[in-house]
Amino acid sequence: MISHMDQEEELWFSHLRAYREKSESVLSSSCAAEDGIVSKKEKNPHQGIPGPAELEVLLSELSKENNSQSPAQDPVIPQRSEKVQRPLEKRQSRVMLRGKSFRKLPDVTQQRNSSVRRLMICGDCGKSFRVRSNLIQHRRIHTGEKPFSCTECGGRFRQRSHLTQHQRMHTGERPYECSECGKGFSVSSKLLRHQVIHTGEKPFRCAECGKSFCGNSQLVQHRRVHSGERPYTCSSCGSSFSLSSALARHRRVHSGEKPYGCGECGKSFSQSSELVKHRRVHSGEKPYKCSECGKGFTVSSALIQHRRFHAGERPYGCSECGKSCTVSSQLIQHRRFHTGERPFECAECGKSFLWRSALLRHRRVHSGERPYACTDCGDSFRQSAHLTQHRRTHTGERPYACADCGRGFAVSSALLRHRRVHRAARP
């Protein structure tokens with residue numbers, strides 16, 4: 001009797017193995033047909049085990065075979081426990097075979113399909129996503145689609161959240177406020193970076209030079225200085241960049257896009273930071289003050305450069321003539337004197353210039369543009385420096401003083417001319 005029962009169980013498991021092979025072949029072909037979906041291989045101890053409905057069919061077939069082979073014995077009928085009638089989600093169900101209990105598993109095909117749909121893959125770069133909406137947003141990087149448009153300046157964005165952040169530039173809204181100093185920010189990430197100033201925490205350290213950073217992303221970007229890696233390449237001209245944001249700004253050179261417009265004078269800029277700096281021309285704001293002499297600057301980089309005059313620091317030296325400069329851009333411009341290079345050419349008259357800023361100022365001669373207006377008398381000027389000098393006629397400010405006689409001048413060129421008087425008087 002025991003031997004006969006063992007034979008029945010062996011026959012049951014042979015049916016089970018045959019079903020497993022069949023289900024795996026069907027499942028693999030269905031997985032291959034999925035479009036844009038990838039599944040990681042996971043070890044599953046129940047892989048290939050039939051679901052509840054299939055198990056009943058197998059047991060029923062086994063029962064019929066047992067009846068045909070042993071008509072004198074009681075028929076083998078699979079018995080469900082009472083728990084099987086309850087929902088599968090709440091507890092396991094079991095089936096009985098010859099007094100032995102077997103665990104009843106949920107449908108394997110359904111389990112496998114839910115696992116398959118976890119990751120969605122980008123057909124262009126292979127990056128995977130768990131949420132379809134994230135994949136849709138990512139694909140816009142490859143297609144260049146920017147469906148969200150700013151009603152103020154016409155700037156376009158790939159994501160609605162980016163448009164929301166951009167609109168705060170027009171409204172001046174700064175909803176994220178620092179609890180320590182009260183400074184407001186338009187984006188939460190900028191607040192997080194700012195808060196590190198108060199804590200002084202810089203947990204991410206460069207193994208090459210020992211420099212520390214507030215965030216891991218800043219460290220990753222910094223490492224490219226040592227490695228020389230420039231993973232972001234412009235498809236139009238082949239220029240490469242270490243930051244994706246730098247590539248995005250560069251692309252506007254080719255497209256001519258200037259999405260950031262000034263509400264005062266209508267001038268537009270390709271970068272939001274340029275608009276912020278430009279607004280200080282209208283407001284006269286100079287938030288960066290020198291602790292040595294009290295001189296104010298509209299941008300922090302100008303203050304850093306100015307401090308080198310007090311320190312006598314000139315870290316950038318020319319290999320041709322040995323002349324040293326306080327900033328790297330001055331050295332680049334200086335080298336053009338040796339090479340004779342004038343890379344910036346006017347499309348109107350063909351005149352070329354050493355610097356981009358000189359070309360921009362020159363273009364205003366052709367266009368007649370005078371974007372810098374005096375708020376006191378209404379006079380307008382082509383250059384901001386000319387407006388600064390003009391304002392001194394209203395304020396009476398004379399910041400350039402002669403060391404010999406103490407006489408003050410509104411512009412530095414007037415002081416240089418005055419000094420010749422003292423030099424000529426000396427024996």
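The backbone N, Cα and C atoms fix where each Cβ goes, and this holds for glycine too.
Whatever TrEMBL says is automated annotation, not expert-curated.
Note that the coordinates shown come from a computational prediction; the quantities given were computed from them, not determined experimentally.
Taken from TrEMBL, the feature compositional bias 'Basic and acidic residues' covers 80-92.
Mean model confidence for the domain 'C2H2-type' (120-147) is a pLDDT of 88. Among the features that TrEMBL reports, domain 'C2H2-type' is placed at 120-147 (among others).
Secondary structure by DSSP for the domain 'C2H2-type' (148-175): 12 helix, 4 strand, 12 coil. Annotation comment: TrEMBL describes 148-175 (among others) as domain 'C2H2-type'.
Assigned with DSSP, the residues of the domain 'C2H2-type' (176-203) fall into helix, strand and coil as follows: 12 helix, 4 strand, 12 coil. Marked as domain 'C2H2-type' by TrEMBL: 176-203 (among others).
Away from its own ends, the domain 'C2H2-type' (204-231) comes close to residues 193, 196, 240-243 of its chain (Cβ-Cβ under 8 Å, at least six residues beyond either end). Look at TrEMBL and you will find 204-231 (among others) tagged as domain 'C2H2-type'.
Look at TrEMBL and you will find 232-259 (among others) tagged as domain 'C2H2-type'. Helix, strand and coil counts from DSSP across the domain 'C2H2-type' (232-259) read 12 helix, 4 strand, 12 coil.
Listed by sequence, the residues of this chain that lie at least six past the ends of the domain 'C2H2-type' (260-287) yet keep a Cβ under 8 A from its Cβ atoms are 152-153, 155, 166, 169-170, 249, 252-253, 296-299, 371-373, 384, 387. According to TrEMBL, the feature domain 'C2H2-type' maps to 260-287 (among others).
TrEMBL lists 288-315 (among others) with the feature domain 'C2H2-type'.
Residues in the domain 'C2H2-type' (316-343) partition by DSSP class (helix H, G, I; strand E, B; coil) as 12 helix, 4 strand, 12 coil. TrEMBL lists 316-343 (among others) with the feature domain 'C2H2-type'.
If you look up TrEMBL, you'll see 344-371 (among others) marked as domain 'C2H2-type'. Residues in the domain 'C2H2-type' (344-371) partition by DSSP class (helix H, G, I; strand E, B; coil) as 12 helix, 4 strand, 12 coil.
Residues 265, 281, 361, 364-365, 408-411 of the same chain lie 6 or more positions beyond the ends of the domain 'C2H2-type' (372-399) yet place their CB under 8 Å from a CB of it. Annotation source TrEMBL lists domain 'C2H2-type' at 372-399 (among others).
Look at TrEMBL and you will find 400-427 (among others) tagged as domain 'C2H2-type'.
Per TrEMBL, region 'Disordered' is recorded for 63-92.
Long-range contacts of the domain 'C2H2-type' (176-203) within the same chain, counting only residues at least 6 positions beyond its ends with a Cβ under 8 Å from a Cβ of the stretch, are 165, 168-169, 212-215. Counting same-chain residues at least six beyond the ends of the domain 'C2H2-type' (316-343), those with a Cβ under 8 angstroms from any Cβ of the stretch are 305, 308-309, 352-355. Packing against the domain 'C2H2-type' (288-315) from elsewhere in the chain are residues 277, 280-281, 324-327: each is 6 or more residues past its ends and has a CB under 8 Å from a CB in it.
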